[in-house]
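Asks: Here's the feature list from TrEMBL:
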- 23-72: region 'Disordered' (REGION)
- 29-41: compositional bias 'Pro residues' (COMPBIAS)
- 46-62: compositional bias 'Basic and acidic residues' (COMPBIAS)
- 63-72: compositional bias 'Acidic residues' (COMPBIAS)
- 70-187: domain 'Phosducin' (DOMAIN)
Amino acid sequence: MGDYHFVYKDVEGASTQWDDIQRKLGNLPPKPASFKPPPFTPSDDPDLRPKSKSWIDDRTADELEDLEDDPDLDDDRFLEEYRKKRLAEMREAASVARFESVVPISGSDFVREVSQASRDVWVVVFLYKEGIPECELLLQCLEDLAKRYPATKFVKIISTDCIPNYPDRNLPTILVYNNSAVKATYVGLHHFGSRKCTPESVALALCQSDPVLNDGRSGDSSKYEVIEGVRKRFIEKVVRQHEDGEDEYSSD
């Protein structure tokens, strides 16, 4: 018959009274600390978070389409309606023409690029000549605005290519077109703050009566939000310049 050996192991961390006495006498090393697993913390899974309006705002168009049969949205009528609205807005915005720069044109391009532009596109025509400092300053502002408001079309044309014998003393000049008609004319830099003109002051002048600047979002409310945003940025710019001027004066 085989020789069987049984080795008894107590629960980890358990100790006998004899062991405790021996530890007090220094005959055994200190009792090791019992193992305690760290507290359980569930991982932060974005897909498990409660869905909200801001959560939907962060989704792409493809992700919004994939959410069509999401049970969480099916149970929340508001979120489902908002998802459909956001998806429609994103699709419409994607279909809007985006220009994003000041495009040079010639006299032969004018009818096609300006007069025949789409009815829902505002066109800002910049008349200029090389070597005139005021033209260079205003062009810098327009290039900035073209990036901020990509659904507004900005073009530049040498003044005499657009209007024969147009006097240099009238430069720079801006013509604003919409639906084949001239909606506004700005002759000279003084309309925009003269030498102190900024993209904000130019934007404010362009939007005084019409929502000329378009950021590419859909809806009339967006157009007027743009106008309010232009006014707000202009005021903030003026306040910053005033504060900077006071700081410079106090340092002197």
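Yeah, the Cβs are placed from backbone N, Cα and C, and that goes for glycine too.
Locate each feature and note its surroundings.
Replies: Per DSSP, the compositional bias 'Pro residues' (29-41) is made up of 0 helix, 0 strand, 13 coil.
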Asks: How does the model score the domain 'Phosducin' (70-187) in terms of mean pLDDT?
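Replies: That stretch averages a pLDDT of 86.
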